[in-house]
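> For 387-508, the entry in TrEMBL reads domain 'Pseudouridine synthase RsuA/RluA-like'. Sequence annotations record features per position, and here TrEMBL assigns repeat 'PPR' to 74-108, 144-178, 179-213.
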Amino acid sequence: MVECAAATPRQRLAAAAQGSWSEAVHDLHQLRDDGQKLDVFHFSSVATSCARAGAWKVVLGLLQAMQLSAILPDAIYCSIAISACGKAGAWQSAMQVLAEMHQKGIQANTITFSSALSALEKPAAWEAAAFLLQSMEDSQVQRNLFTYNAAISAFGKAELWDTAMSLLAEMTTSHLEADTITFTSAIDSCARGTRWEQALVLYRVMEQKEVDRNDFTWNALMNACSRGSFWEGALAIFDVSSDHNPGAFAAVMSGAGDAGAWEAALALLRKMADCRLMATGVEFGSVLRGAPPALREELLFAFHAAYFGAEASWTELFGSPRKAAFGPLTGHCVQPAGRNSYPRQAGQVALLADMQGLLALSKPAGLSTDDALGLVAARRGHPLTRASRLDLPTSGLLVAAEGDEHSEQAWWLLAQFSGRLVSKEYLCLCFGDAGDIDHTFDIDAPLRIVAQRGQSRAFVDEDGLAARTLCRVVAKFHDAEDPASFVSLISAKPITGRTHQIRAHLASVGLALVGDRGYSAQGSSAAWEQALAVRHWCPSLFLHCWRVELIGLGGGRWAATAPLSEELAKALRGLRCHSMPSSPPPAIRDLFSPEPMASALRSL
């Protein structure tokens, strides 16, 4: 440590930066107050300390302070800021720093661009990644290993496996040696694109080039086989891999469950117990998903008793004492919201039911699932676990469990969602004539999820993941804009749980949801104009999760319903009824306001 009395300002800051970031910021302010002339090096030293501690907002604040002091930041400082933002998940802020560099004439270098690309990996912001790669080419900035690794990961997470593979091929022509991260990211991109054959080719190349494989490589390879309906390949890889970690078990069991090979999945559960591991609810749900329907509830209760009941139940199943534990948490837990983070719609989040730690609550449109659950978690004073999400513009019923993913209630809930024992029903108002009242139709079309403009979009694609939605026509109305046309109220039950599944499926058969400007835009220009025209009578997406049914912890079926929001009910009241069943289910009838709807019901 340099003695501060004899040290120069730069040395003092460099020493402070090795300690607390707040002390480094304090010393920087002290130097300024003492009349010391500061330069970009002083700020870079402090920013490095702040970035190391995850204080990315402070790094951006220091950047503003430099500009106010007429100190021009350099590429080094900007790279520190971009990297700090990226590690915090604030990729938009990282891109903003890069844009400001361009405006100020600061030349971005390879490190700067690579840091920005790294920020785009987790959100799968592939469009921004493509822009950065083009910018590097236009500016004649050389790409290095880190550049390619980040770009391959970003495109892979966006399920653009072919682009990721093209970048890998480009590396080869650039005489750059791909490392473990490169190949693992490329294999993961193949997994997300259900291209298990390509993943195996990459694995063989790794063997030929003697590139080390790690746990992430093995898990990505097993995921590729499982998602590509080649679970036997995933099992073979599992058998030869060196470390049977929770992720490896999860990958193989998921593939076996999807293929209906529930006995193989059950054998893996026993192997987990031998490794002193217990399956999370999501992993156990893979067994349920593949088991015959008549056996699913029996298996659910048997393993629940083994995991959370008397040790004798465990011994009966596994033949040994219960010494196993759950693996790491996998991201389903929502912490209580802070007092300063309450959103505008906080008052609209209502707890509808509480059944032995299984909670049903209503989520308004425009509020994220995690924000809604965070509010309820704050009211109850402990975290909650979600088993599914509702899209931001979707309203309706959310089901959650008290505690983190390892709690008894969370395991029970996650197992049922993963095992497809939960029935969810949505009400959707769609453009077009969906058929006669009570007409049912089944949309069984694979979906591919692609990130666009920082958001996910689902497309019907034969190479996508299996997706199925059961639909029934509940009522039919005259279109408010065109009385000669119809809008149909549909009850939709998703059998699988893919992102934007209902919206993408209905749009694919010409029944775009009212208020869904995102998926209407995938159709004709007339469909887009139609979606825009409804804003004055239905400003929100008309997609509402109104009923969820599952098995209660004490046995028996447990169901909860959520009424339509006033905004959606008002949209229905403004429509002229064309046809409706003479005896609609009471739960559906009760969703509608009395005036025009009730009179229409009475007249039928």
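For all residues, glycine too, the Cβ spot is worked out from N, Cα and C.
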> Run through the repeat 'PPR' (144-178) and tell me, per DSSP, how many residues are helix, strand and coil.
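Final tally across the stretch: 26 helix, 0 strand, 9 coil.
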> Just to be sure I understand, if DSSP states are collapsed into helix, strand and coil, how many residues of the domain 'Pseudouridine synthase RsuA/RluA-like' (387-508) fall in each?
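Result for the domain 'Pseudouridine synthase RsuA/RluA-like' (387-508), in helix, strand, coil order: 19 helix, 55 strand, 48 coil.
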> Across the repeat 'PPR' (74-108), what are the DSSP residue counts per state (helix, strand, coil)?
26 helix, 0 strand, 9 coil
> Any idea what the model's mean pLDDT is for the domain 'Pseudouridine synthase RsuA/RluA-like' (387-508)?
90
> For the repeat 'PPR' (179-213), DSSP counts of helix, strand and coil?
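Per-class counts: 27 helix, 0 strand, 8 coil.
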